[in-house]
Structures are given as C-alpha cells and as structure tokens.
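Below: the structure, in structure tokens.
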Amino acid sequence: MENFTLIDYHQTRDFSRKMNVTFEFVRQNFKPLGKSILFIAGPPVLLASLLMGSFFNDMFSASFSMGRGSNPEVIRDMFLTPNFWLQLLLMCVFLMVSTVATIATINNYILLYEERKTNRIEVGDVWGRVRDTFWMYFGTALLFTIVSIAVYIAMVIPVVLLANVSLVLIVFGGMALFCLLVYLLFSSSLVFIIRAYERIGFFAALARSFKLVQGKWWSTFGLIIVLYIIVVVVSYVFMIPWYVITLVSSLHNAGVEGVGEPTSGFQTISLIFLTLYYLAQMVMYTLPNVGIAFQYFNLVERKEAKGLMSQIGSIGQAPAPTPSSAPDEHY
C-alpha cells in the first residue's frame, strides 16, 4: 500500500502516543482487519445479536403486558417455559463465543502484522490462527470468569458479615469492595494479549499482567476507560433510532388502559436496531483491544527493554527489513 510505515510495537509510549498509535493502527489496517472481523467473528456476533434482540423484545412485551394489568400468572408462566430458558442459554453462549472470536481475531491479526511486517494480511491467514487458538482464548475467558466470580464471592462474604455489626460499616465495606474489584479488573486486563504473545498458561499470564501493570495502574486504567467511552458513545448512535421508535410506538399505542403491547412492526424494527447496535459495538471493541496490546508492549519495554536489547543484539549483523529500519514514527 502507498506510504505504508510499519508500526514498531516495542517502544515506550506516553498516554497521548498510545492513543495516537492505537488510532493509527486501526486506520492503517481498517480494511484487512475489518474484513477479518466481519468474516470470522461476524457470524457468531450476528447470531448473538439476533438472540439478544429477540430476548429483549420478549422482555419488553412482558413489561408492556404488566403495564396493562395482565394476569401476573401469565408473566410468571413465561419465565417458567423451556423456550425462555433455552433462548437465554443460547444468547449467553453466543455472546461469549462472539466475544472470544472478536478478541481472537484482533489479537491474531496484531501478531501477524508484526510477523509479516505488512498490513497485506488475508482473512484466510487470520482464520488459520483463530482456528488454532480459539479454544485457548475460550478457556482463558472461561477461567477469567470463574476466577472473577470466586474472588467476588470471597470479597462479598466479609461485607455481608459487616452488616451484622453496623450499617455504616457495610457502606464503607461496599465502597472498598467496588474499588478493589476495579483494581483487580484493570490489573488483569493484559491476560489475553500475554497468553497470545508469550504462549504461557492462564495463571502465569495473570501473574505477569499484575506484575507489568504494577506501578502503571493509573495509565492502564485511563487508556482503557477513554477507549471504552469512545466505543460506548459511537455504538450508541445506532440506539438513537431505537429510542425514537420506542417513544413514538408507546405514544401511538397508548390507550385508556395504559401502554399497548408492541406491534409486530415495532418488534421487527427494534430487533434490527438492537442487532446493528451490538454488531457496531463488537466491531468498535477493536479500539480497546488494540490499545491494551500497545499498553502491554509499552510496559514490557519500560520494565524489561526487550526491544532495546534486541536492537543491541542486532548491531553488526546484516540489515534486515525490521521495524527498526523503518522511518521513525511521530505521534
């Protein structure tokens, strides 16, 4: 491609440079990376979004029925039907699969970009990597969820015990619990990229993530939060039509007995916009995932200087088309 400058991962970067290089990477690889996400992660994302849209439509219909004073037993029976729980189970499964597929696609693309030193990467190349590493990513996500739940339960028990002593203590205990959970969440945010790049086990990657983030927690927190805010704001653009249609439909169907049940037309349009919203959100997750990867390389370089040591070790050797031979980047 014209004016292509390879991005060197192994550099120390401050906050603004990490933001700039994240957007530069996405801009530079928008077409090949976008195609990879669309063709590899797209099918499970689409299925998950359709199931989620259908599930929320059913929930909205139930809430409308309750607003009209329907028999509570009808609502209760809906929650007891096998169809409801099957739909909920499938939605959760495909949500997890779509999330894992998206992370696997993005991280494998990042690794291929460095290995091949080009952005001319085909979907088939990324798919081959995703196919080989999918269960590693899935296992990481599953273990991460299990560990998070176990830690949460272990931390909630003391807070519950404080409730027997004083209500003031439970308030402070709840605040401390929230702060500790946030700290642990961002301290472990590098687990996926560490497992992908260093090929180590889950618990070793978890410990390494804590070690790398130590002393740089606030910069990690700030980078991820800012990128996620951008994701939320941009993806919610697709929800604006849904809010407008919901309001108009509610006013149109309003009667003497309250708000009417949604029409089939409203449910179809609602499903479309909820699907578009979730698809956009999953694609936009490229930003925080790429940002986390650059934060990982930044922290490794700051604490271990692997890129610098590699350059020192290459002194006196024949020049090779490496990132260090590319023009310096300025952000």
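Glycine residues also receive a Cβ, built from the backbone N, Cα and C atoms like all the rest.
Residues of the same chain lying 6 or more positions beyond the ends of the transmembrane segment (37-56) and with a Cβ under 8 Å from any Cβ of it are 87-88, 90-91, 94-95, 97-98, 101-102, 104-106, 123, 126-127, 130, 270-272, 274-279, 282-283, 286. Feature annotation from TrEMBL assigns transmembrane segment to 37-56 (among others).
Here TrEMBL flags 84-113 (among others) as transmembrane segment.
Residues or ranges marked as transmembrane segment in TrEMBL: 134-161 (among others).
Marked as transmembrane segment by TrEMBL: 167-197 (among others).
Residues annotated as transmembrane segment in TrEMBL: 218-245 (among others).
Annotation comment: TrEMBL describes 265-287 (among others) as transmembrane segment.
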Two-stretch contact, the transmembrane segment (84-113) and the transmembrane segment (218-245), at least three Cβ pairs under 8 Å: no
